[in-house]
Amino acid sequence: MTATSPFSPQEIAAEGIKPEEYAEIVRRLGRHPNKAELGMFGVMWSEHCCYKNSRPLLKQFPTTGPRILVGPGENAGVVDLGEGLQLAFKIESHNHPSAVEPFQGAATGVGGILRDIFTMGARPIALLNSLRFGSLEDPKTQRLFSGVVAGISHYGNCVGVPTVGGEVYFDPAYSGNPLVNVMALGLMETPEIVKSGAAGIGNPVLYVGSTTGRDGMGGASFASAELSDESIDDRPAVQVGDPFLEKSLIEACLEAFKTGAVVAAQDMGAAGITCSTSEMAAKGGVGIELDLDKIPVRETRMVPYEYLLSESQERMLFVAHQGREQELIDIFHRWGLQAVVAGTVIAEPIVRIFFQGAIAAEIPADALAENTPLYERELLAEPPEYARLAWEWSSEALPTGTTAGIEIQGNLHSWQDILLTLLNTPTIASKNWVYRQYDHQVQNNTVFLPGGADAAVVRLRPLEGQGSRGAGEQGGVNSLSGVAATVDCNPRYVYLDPYEGAKAVVAEAARNLSCVGAEPLAVTDNLNFGSPEKPIGYWQLSEACRGLAEGCRELATPVTGGNVSLYNETFDTQGNPQPIYPTPVVGMVGLIADLTKICGQGWQGVGDVIYLLGASITTLGASEYLATIHNTVAGRPPRVDFDLERRVQKVCREGIHAGSVRSAHDCAEGGLAVALAESCLAGNLGAEIHLEVSPTQLQRLDEVLFGEGGARILVSVVSTQQATWESYLQEHLGQNWQKLGIVGNTDTDLAVLTTDNQTLIRVSIEEMNDRYQNAIARRLAL
């Protein structure tokens, strides 16, 4: 191969390569790359593929544990559920594609994460999503929001995997740069977990699935750049998915894996053929030769650069045992899919690409996939000014209140009015407008409808092939067991204090699982941040990773893998970059041994006794109340007390397992008052609450009602077990619990009073329901 002429600085920059990185490429190759090779380095050395800014920080995460079977580095993490069952799970982002083409961007995000799951040999059983948008009053946000939800529902519904839960936040910080994070779970169906490292010199390399076109060109590099007003021109970088073809691909792959003829498998996601060949070769310590002329195409006159960087969807790369390739090809043809032998595993650790009989690219595999650039940036010596100023805020800056309410700018707002305002806030309000577009009951294993509990719960039914696993016959599998999953992040907490905020994310995820009776097992994380090249951006990323690592260690929930999405920024009208709130989303899974011992968040029976587990210490700093009612984003988020978190969560789980706790709900955004309202609405039952309020607290009733703090769970217990339950609480929580009141009838209100019977809130279920259920639809004028 002869050296080509140097590229112009503009051509190099267009591939997302920095000048010093290009010099390193030339040094490694001993020559200048050609156009195809330049493109290969551009995508593989992008942040999206190689994590060059975040990799040093990710090393802090705990990644091992007694149930961890596969940790970071593979397509998905895998945990042991016992009884011969193994769960694969992973979260991924599709933020930038969704910003320029919301429907396809979100749809292909679903398709991509599902491929990560079934590539391991697992059948997808559930999807969750974590979404962030700008203000819902903004017409642009309405378009993005509607498009993303439609894209998620289209792909998930068509492919036949239920979307069982998630979260949606709205904040101007995400205007123009929405976050679309999708988590998938799958139950292992193959005798062995399928890995991605190529092996066996001379083994054939198979291309299977859909055809290759020009869609998704440069998607990985696009996902590693900041968005601008011109990003709409990058629509060709957004892939187009076919969920019906993916449904066939799932079945064909699982059937193929069960033959034992597959050595390794890799999804063609970001960077397409380039990524799958280089990663499989590098992980196996071998090389791969691939002939582009063998690749099935959907467009004519494609050149190597286009083949190698295409991100056409629903494609996979297999390494097969020599002599068994036709067996696999026949399976894929029977499912109406493409399948061809396109290459070979070679001893030389090189990715060598042929096109029209000549070498089109030749690069050491580890230069693309392992030995990639690494940037260890200098951390700010002290927190940035915005954080220090925010931390100076205290509740003394707010007007004091009375039992009648609080006066804001000359107008008295009753606590009841404030509660209704918060229930009408899209971030807090019901997401039924979203959920009703998803098929959340396909596969017939969904235990709670979305919104009915603090975490999604899916029944674990024996799947085909599990009898061959160590547990013996399928009948040995406990069909009463289930898996719970949640996705969580309070981005305002993380913005105001990345370290404490990230710890709170892990704590809330575990708390949500505990509220349904699940034992938290492991984490997959999605780090959505701004530019790490800016000191504040890197400080936020570094501090959040430190907090996540500590939280996962404290709660014994190792990280099995995840995704990093940086450069999430938009430009204001003056052309200044504005980063999103730092948003480290935690996806956490938990095990439920007995599905008859679970509970949702709604009250269950008239006369049940209501308790608040945990400390009564709360803060208005970083709260939804402060942001919505006072239009102020300031203060410190609640500090996490991991010892109390562990005790409160364990008490909740054990209370559920013993049959004492009939409902459980985390006190999160909006504080105690919102949690009470949500439990009333979920159970369609009122409640009478009596709060012990000290003379000092009388002036800060907003903190009592709407203050936020960790380690707080609202539970209801059948009255006949009150004495036993309170004795149990005293033994395990000491003074860290309160009896609040009793559950009322369907026609009673939510009444919150002081212990001397002064009414703070009295509101009907009907009025709360109108605000809560219709908040999003009203803003969309639907």
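Placement of Cβ uses the backbone N, Cα and C atoms for every residue, glycine included.
Listed by Swiss-Prot as binding ATP are Tyr51, Asp525, Gly562; the candidate from Lys90, Lys140, Lys650 that the record includes in that site is Lys90. The substrate site recorded in Swiss-Prot includes Ser93, His94, Asn95, His96, Arg115, Glu311, Ser312, Gln313, Ser565, and the single candidate from Gln10, Gln239, Gln266 that the record places there is Gln239. Excluding the listed site residues Tyr51, Lys90, Asp525, Gly562, the same chain places Leu58, Pro72, Ile91, Glu92, Thr524, Asn526, Leu527, Val559, Gly561, Asn563, Val564 with Cβ atoms within 8 Å of the centre of the ATP site Cβ atoms. Least crowded of the binding-site residues (Ser93, Asn95, Gln313, Asn563), judged by neighbouring Cβ atoms within 10 Å of its own Cβ: Asn563. Of all the recorded positions listed here (His48, Ser93, Asn95), Ser93 has the Cα closest to the Cα of Asp525 (ATP binding site). Note: the CA-CA distance between Glu92 (Mg(2+) 1 binding site) and Gly562 (ATP binding site) rounds to 7 Å. Other C-beta atoms found within 10 angstroms of the C-beta of Tyr51 (ATP binding site) number 18, with every protein chain shown included. Of the recorded residues, His94 (active site, proton acceptor) and Asn563 (Mg(2+) 1 binding site) place their C-alpha atoms 10 Å from one another. The DSSP secondary structure for Asp116 (Mg(2+) 2 binding site) is helix.
Tyr51 (ATP binding site) falls within neither a helix nor a strand when secondary structure is assigned with DSSP, and so counts as coil.
Cβ neighbour count for Gly562 (ATP binding site) (all protein chains, 10 Å cutoff from its Cβ): 25.
In the three-state DSSP scheme, His94 (active site, proton acceptor) falls into the coil class.
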